[in-house]
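J.: Could you have a look at this structure, given as structure tokens, before my questions?
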Amino acid sequence: MTAFKTLDDLGDVTGKVALVRVDLNLPMQDGAVTDDTRIRAAAPTILELSEKGAKVLLLAHFGRPKGERVSTQSLSMVVGAVEKTLGKEVMFVPEIAGDVVKQAVGILRAGDIAILENTRFWKGEEKNDPELAKAIAANADFYVNDAFSAAHRAHATTEGLAHVLPAYAGRSMQAELEALDKALGAPEKPVAAVVGGAKVSSKLDVLKHLVTQVDHLIIGGGMANTFLAAKGVDVGKSLCEHDLTDTANAILATADASGCTVHLPYDVVVSKEFAANPPSLRTCNVHEVAADEMILDAGPAAAETLGDVLKTCRTLVWNGPLGAFEMAPFDAATVALAKTAAALTAEGSLISVAGGGDTVAALNHAGVAQDFTYISTAGGAFLEWMEGKELPGVAALSA
Ligand code: ADP
Ligand code: MG
């Protein structure tokens, strides 16, 4: 892992102005924040800086206003939720640069916190305009990036600011980078990866990268169907990208050449309709899927074998469910493997890192999310990291 500075490297910050990039892209309904997970993730960094006496200016984007002021996407709407989670008063500043921010900084006392306006109201944010970064930086002494989830984008407040101010990783960014490094950067071997979900096409780069990195690649979900089809299996009406069979075979060949064992299910749960507990539900060998049936989950034998694979591994990185877990009983394989991974983690024999929107939902559904070593809620940034890409927001911190 390339070195980056953390809050431990800060000297005396009493009265100094910190620009802290956080993720406040919060789910809202009828003007109210429905889930404060992202605020809680940023809270340790915000409170630590506040306790150290810095004036804390929070920077974040909200929605996609595309470089214009859109009143329904003002960050003023989240101030109440942030105050509630932090247990502190928070000021709102309707600008990100210029005299209004300067005056606000003059009013703030050491340890006070303010939220600046939605960074995406300014066109320069997504263009990573260095002039905008300089204008924002003019009112501050240092920059802290605590938004790993936005680090795959090179924007003025996720990347540009790191070039014009002393830059530090916040606590949540630091935890994420350390966990991800343990999982794929310098992992304890053998390493297993689970890649599941709906489509191969959405995770091609992930698969291509992982087969060169891990010892075991477990392919599940709809994407397993494409691999089975590529191997000549008739997958019936299953979700399957038949146009990607050559690509799938090329990935299998790369895996072979790299010493990566690819695991595909050999028993599956099928039905004729996509519904909860359908009458046509049955479990069969992958070679016995009828023309009018769909594969909707890996079978119990496969789930057990995959659990045995995890028992031989020291590190697991997981993205994508093994089946259509939203509907019973197609959650069974995902839940079974998640429970095995959690138990191995509790025993101390496995380091388990997982990420992805539906993956986190599936692990919560299995009731084991808190038992994994680390769960990333970063979505796009997590996937780009799984593709082996350097994230611009992270690279800028290391520069
Ligand atoms: P993540 O959000 O964790 O990256 P994805 O979005 O790639 O995961 O995949 C999750 C979706 O894949 C779920 O909606 C799930 O229902 C679907 N899925 C998994 N297995 C199958 C299958 N066999 N057939 C159809 N859909 C599937
Ligand atoms: Mg998804």
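Positions of Cβ are set from backbone N, Cα and C atoms, glycine also.
So TrEMBL lists the following for this protein:
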type	residues	note
BINDING	D23, L24, N25, R38, H61, F62, G63, R64, R120, R153	substrate binding site
BINDING	K203, E326, G356, G357, D358, T359	ATP binding site
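On this model, are these features tucked inside or out on the surface, and what's nearby?
T.: Sequence-distant contacts (6 or more apart, same chain, Cβ under 8 Å) of N25 (substrate binding site) comprise R38, A60, H61, F62, G63, S149.
Around K203 (ATP binding site), the C-beta neighbours below 8 angstroms that are at least 6 residues distant in the chain are V195, G197, M223, N319, G320, L383. The DSSP secondary structure for K203 (ATP binding site) is helix.
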J.: Measure from the CA atom of R120 (substrate binding site) to the CA atom of G356 (ATP binding site) and give the result in Å, rounded to a whole number.
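T.: Pair distance, Cα basis, whole Å: 24 Å.
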J.: To see if you understand the setup: which same-chain residues, six or more apart in sequence, place their Cβ under 8 Å from that of D358 (ATP binding site)?
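T.: D358 (ATP binding site) has long-range Cβ partners G197, G320, P321, F325.
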J.: Of the binding-site residues G63, K203, E326, G357, which ones put their CB under 6 Å from ligand 2?
T.: G357
J.: Which residue among the binding-site residues D23, E326 has the fewest other Cβ atoms within 10 Å of its Cβ, if you could check?
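T.: Counting other Cβ atoms within 10 Å of each of the binding-site residues D23, E326 gives the minimum at E326.
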